[in-house]
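Input: a single structure, listed below in structure tokens.
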Amino acid sequence: MAFLDAFKFGNDLWDPSRRYETSWLLPPWLFFACRALFSLYAFTDLFFTLAWACTHDAVGGCQTARRSFSYFTVLTYWGLAFYLAVAAAHTLSYMLRSGRDSLLARLPRPLQALHALFYTSVVTLPFLVTIVYWSILYAGRGFPSTYDAWSNASEHALNSAFALFELVLARTAPPPWVHALWLIVILLGYLAVAFVTLADQGWYTYSFLDHDSVGGRGYVAAYVLGIAVGILVIFAVVWGLIHLRVWVTEKKLGMEGKFVRGTHQGVDHNSEQRSKEQTAQSFV
């Protein structure tokens, strides 16, 4: 039954000190502004890339734009852009309601749990994208144009910078270990997308999925297994870094968070411990 408990949403008090909406260093208005600005930049890159492809036949036209939705890099960048937008909205709601009954606090518990998983994906998957691109996919010969350099820097470097911002400056607690399982499920879901794309359109999204290019199906399996192990390692490192950040900022420096002026929502460690114990047994 303990295994089945991992798939429950839980019924404890969720995030009593508004960790997902606040920062230990930045005041709420500045935290909101940074999240909104980063989201705007990411969406600008994504929509400009679609428009650029559709207006330049040399890069494949609108067919290239449509194909972009089959790439893991692009899908995770869309996810990052949307998370930053949603997180900015939650921080804004927290400010407008003076720290009480914010939008995130009023959501149904399943959506709160999914928001927690959304955060975990945002602080892990971009690092996987960056590592795989620069270590496996990048040919090392530079980029043919300024646009290509900017686009690749945005989606394969700044993505990790945005993830690092959330990892370091948000007040989030370490994610429950069951999130590692759901990250594997996400990767398996993308693998299905890649092979559906192959079956429907006849092309591989990434060269390491083509058994003819890498030397056999065994090598494809090795790449897939390596990436799965990689995300587990990244998750463990991220968990450790978040644990270290909470320990340093709250336990050693006493910086429990920057809250709305006129309110003090310092950490109630007893409430958070009860919440943490049940969250560790929750669905996400």
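Using the three backbone atoms N, Cα and C, a Cβ is placed for every residue, glycine included.
In TrEMBL, annotation is done automatically, which means it is predicted and not curated.
What TrEMBL lists as compositional bias 'Basic and acidic residues' is 266-277.
Residues or ranges marked as region 'Disordered' by TrEMBL: 265-284.
Long-range contacts of the transmembrane segment (24-43) within the same chain, counting only residues at least 6 positions beyond its ends with a Cβ under 8 Å from a Cβ of the stretch, are 77, 80-82, 84-85, 87-88, 91-92, 94-95, 154, 158-159, 162, 165, 169, 171, 245, 249-250, 255-260. The transmembrane segment annotation in TrEMBL covers 24-43 (among others).
Annotation comment: TrEMBL describes 75-96 (among others) as transmembrane segment.
Per TrEMBL, transmembrane segment is recorded for 116-136 (among others). Through the fold, the transmembrane segment (116-136) approaches residues 20, 72-73, 76-77, 79-80, 83-84, 86-87, 152, 155-157, 159-160, 162-163, 166-167, 170, 172, 175-176, 179, 182-183, 186, 208, 227, 230-231, 234-235, 238, 242, 279, 284 of its own chain, all at least 6 residues removed from its boundaries and within a Cβ separation under 8 Å.
As annotated by TrEMBL, transmembrane segment applies to 180-199 (among others).
Listed as Cβ neighbours of the transmembrane segment (219-242) (distance under 8 Å, sequence separation of 6 or more from its ends, same chain) are residues 120, 123-125, 127-128, 131-132, 167-168, 172-175, 177, 179-180, 183-184, 187, 191, 208-211. Among the features that TrEMBL reports, transmembrane segment is placed at 219-242 (among others).
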